[in-house]
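Q: From Swiss-Prot, for reference:
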type	residues	note
ACT_SITE	GLU115	active site, proton acceptor
DOMAIN	121-363	domain 'Radical SAM core'
DISULFID	CYS128-CYS368	disulfide bond
BINDING	CYS135, CYS139, CYS142	[4Fe-4S] cluster binding site
BINDING	GLY194, GLU195, SER226, SER248, PHE249, HIS250, ASN325	S-adenosyl-L-methionine binding site
ACT_SITE	CYS368	active site, S-methylcysteine intermediate
Amino acid sequence: MPANAPITQDVHTIPRKLPDGPVNLVGLTRAAMRDALIAEGTPEKQAKMRVGQIWQWIYQWGVRDFDLMTNLSKAYRAQLKEKFVVEVPEVVTRQVSEDGTRKYLVRIAGGHEVEVVYIPDEGRGTLCVSSQVGCTLTCSFCHTGTQKLVRNLTAAEIIGQVMVARDDLGEWPEIGAPKDETRLLSNIVLMGMGEPLYNFENVRDAMKIAMDPEGIQLSRRRITLSTSGVVPEIARTAVEIGCQLAVSFHATTDDVRDTLVPINKRWNIEVLLEALRAYPKVSNSERITFEYVMLHGVNDSDEDARRLVKLIDGIPAKINLIPFNEWPGAPYKRSSNNRIRAFADIIYKAGYASPIRTPRGEDIMAACGQLKSATERARKSRKQIAAETGLAGA
């Protein structure tokens, strides 16, 4: 299929509209916020200034109560309270792994739930953000792929995940305090539930807010979007977001990738690589990260490693090797440590960085490929769970 093939409506799930009521200012672009303020009575000449003030309160200071926005007049604050709200997703549960990883189950409009993961590391902290409720891609090794797509998240629900994580980490700076460059949440990866490029506009708007210099202030180099290979949107990502790009590659032949990542049947390896070769030039990114989950006897041979090196020749790249994180009923097994190291060594000797990802948060089902909303898991009957885990009749 050509790279410019249109994305059909069957992969777009329109976010459910909230009931009539106050407008949530979270997730609006600056232009949309300006229009919303004008529509509710803010004089047009003042609107740009008001957007700047409110924007700073929400995204720089983490303030959600209009009464605390003290550089606005009391009358204007009362007007805002009548017409608008500043709302973020509700944290339903918070789990902390033995390794310090935190997993949040957050509830969004309609009662739906998604998972968000914070991964602390030396000198950095990464938040893994979801973009959809469920997923449409049905990647055979991924737990999220077993949960049907319900809908896209709104920009408010995406940036709201960042905001609730900052709440939990105590990351909002004290108003008036000297600027502190030390951050617990320093990076965002769009690697949670869903395919970000099947929700492009909302992901773009949320990440623009994250990168805004008067708000959360994350550099585009600290934001990584991971795609399974929605080729028509890759060039658009380079132009309209400009963040780092990771691709869920996972196989070196179309036959294997068709099974592991079924979107490959639509945009195969050759077409995907063509789009990836152009990305660093357009986005000014240093390199592309190729994510490669290590599956015993499926994609982990020396031949696979050598073929991978040939496929990506000429692309500035890092190959991130991911030991498979098993989940109940998973049809695959993790490659042995020796096999993973041998695979990595072939890639390294060819001149590519080939770090082996250390699994994080496995004890709370927060590792790569394990995310699935708790309510979805809870819907399974005891019989289904027993069958999946091999405990039937025990």
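Glycine is treated like the rest: Cβ placed from N, Cα and C.
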Q: Which recorded positions (CYS128, CYS135, CYS139, CYS142) fall within 10 Å of GLY194 (S-adenosyl-L-methionine binding site) by Cα distance?
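A: Qualifying among CYS128, CYS135, CYS139, CYS142: CYS135.
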Q: List which of the recorded positions GLU115, PHE249, HIS250, ASN325 have their Cα within 10 Å of the Cα of CYS128 (disulfide bond), in sequence order.
A: GLU115
Q: Return the count of C-beta atoms lying within 10 angstroms of the C-beta of CYS135 ([4Fe-4S] cluster binding site), excluding that atom itself.
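A: So the number of other Cβ atoms within 10 Å of CYS135 ([4Fe-4S] cluster binding site) is 26.
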Q: Test of understanding: give the count of other CB atoms lying within 10 angstroms of the CB of GLU195 (S-adenosyl-L-methionine binding site).
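A: Cβ-Cβ neighbours of GLU195 (S-adenosyl-L-methionine binding site) within 10 Å number 28.
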Q: Work out how many Å separate CYS135 ([4Fe-4S] cluster binding site) and SER248 (S-adenosyl-L-methionine binding site) at their Cα atoms, rounded off.
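A: That separation, Cα to Cα, works out to 14 Å.
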Q: May I ask for the distance between GLU115 (active site, proton acceptor) and CYS139 ([4Fe-4S] cluster binding site), taken between their Cα atoms and rounded to an integer number of Å?
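A: GLU115 (active site, proton acceptor) and CYS139 ([4Fe-4S] cluster binding site) have their Cα atoms 18 Å apart.
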Q: In the structure shown, which of the recorded positions CYS128, CYS139 has the fewest other Cβ atoms within 10 Å?
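A: Among the recorded positions CYS128, CYS139, the lowest count of other Cβ atoms within 10 Å belongs to CYS139.
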Q: For ASN325 (S-adenosyl-L-methionine binding site) and CYS142 ([4Fe-4S] cluster binding site), what Cα-Cα distance in Å is obtained after rounding to a whole number?
A: 9
Q: Measuring Cα to Cα, how far is HIS250 (S-adenosyl-L-methionine binding site) from CYS139 ([4Fe-4S] cluster binding site) in Å?
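A: Cα to Cα, HIS250 (S-adenosyl-L-methionine binding site) and CYS139 ([4Fe-4S] cluster binding site) are separated by 10 Å.
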Q: CB neighbours of GLY194 (S-adenosyl-L-methionine binding site) within 10 A?
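A: Other Cβ atoms within 10 Å of GLY194 (S-adenosyl-L-methionine binding site): 30.
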Q: Whole-number Å only: compute the distance from the Cα of SER226 (S-adenosyl-L-methionine binding site) to the Cα of CYS139 ([4Fe-4S] cluster binding site).
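A: Approximately 14 Å lies between the Cα of SER226 (S-adenosyl-L-methionine binding site) and that of CYS139 ([4Fe-4S] cluster binding site).
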Q: Could you list the residues of the same chain, at least six apart in sequence, whose Cβ is under 8 A from the Cβ of SER248 (S-adenosyl-L-methionine binding site)?
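A: Sequence-distant Cβ neighbours: CYS139, SER226, THR227, SER228, GLY229, VAL261, GLU291.
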